[in-house]
């Protein structure tokens, strides 16, 4: 039985995958694919702008996949900040829940990501501008009650004008390994997330910003651990082995005795670690790469750092109007129930004009 599809759609094979697109999106071209779906670029004929369209990979294969698809859709719908990727449109070619198998997320198109350009030389001015945007995006995400947990160069999208948007926020859950067998990059992850050794809060993302900023300034990954223990060893070489006050906060007994077994060592001199960085950049790194989560800067505190004085526009440092509501995710729903919720969200979606900054830095990526 052939499925009934909506009118105004056309089919196209993109990178050996069947896509269905509304006729408003022209010239689709493959951009990339990953564990959770594939992305193509297209031109929105109504605006002439290039967009990115993501087709989720088998969103209704299981309850876990369906729940993750629902979360991704809701997170994107919730975001309205120039430094956070948000939703321009969402569509399905299906005409009812009964024949609903696929849906597509339409987002702003960004030329590249930081991972792909980490080898280039960044001036401190460029690092400053990119880190300022990361922190603005994080302040907004955190104000919605979301923690990224897996911030790394690969999910920081940038365009040729050095404008940055955070991707894949709030999706780094325990389901990742279950769904893909994929082990997340630990190099940018805060020690409390890697080791689950103490409570963690939104400053896990600030640690990641510190690691990324350090790499942009030096051209080298700061903590390149081969495994979890090696990662901790690399971190402690820089932060020093903490004293009794810190050890008391550790919940994990094994971590506690391991740290206590190490000879105490002082924190490295960050001016020697980052010899080409300005004193202000060194001071910010020192405060972001703080082992104790209770002493590490928040995104709002980091934005107020003197390093960003020349750039700051508090009007752009906005917060979410309301917290992200994930109450439904605590329910154990069937695939069909998740499908109904997603279909309803798509049917009720109304695009909101994206609010991007009016100012231009005049800076080019390369």
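Just so you know, glycine gets a Cβ as well, placed from its N, Cα and C.
Straight from Swiss-Prot, the features:
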DOMAIN    25-308  domain 'Protein kinase'
BINDING   31, 32, 33, 34, 35, 36, 37, 38, 39, 54  ATP binding site
ACT_SITE  150  active site, proton acceptor
MOD_RES   180  phosphothreonine
MOD_RES   182  phosphotyrosine
MOD_RES   350  phosphoserine
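Positions of Swiss-Prot features highlighted on the structure.
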| residue | record | Cβ within 10 Å |
| --- | --- | --- |
| 31 | ATP binding site | 17 |
| 33 | ATP binding site | 16 |
| 37 | ATP binding site | 19 |
| 39 | ATP binding site | 18 |
| 150 | active site, proton acceptor | 23 |
| 350 | phosphoserine | 5 |
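Using Cα positions, the member of the recorded positions 33, 37, 150 nearest to the residue listed as 'phosphoserine' is identified as 37. Looking at the domain 'Protein kinase' (25-308) alone, the prediction's average pLDDT is 90. When the alpha carbons of residue 37 (ATP binding site) and the residue listed as 'active site, proton acceptor' are compared, the span between them is 18 angstrom. Counting only the Cα atoms, the space from residue 33 (ATP binding site) to the residue listed as 'active site, proton acceptor' is about 18 angstrom.
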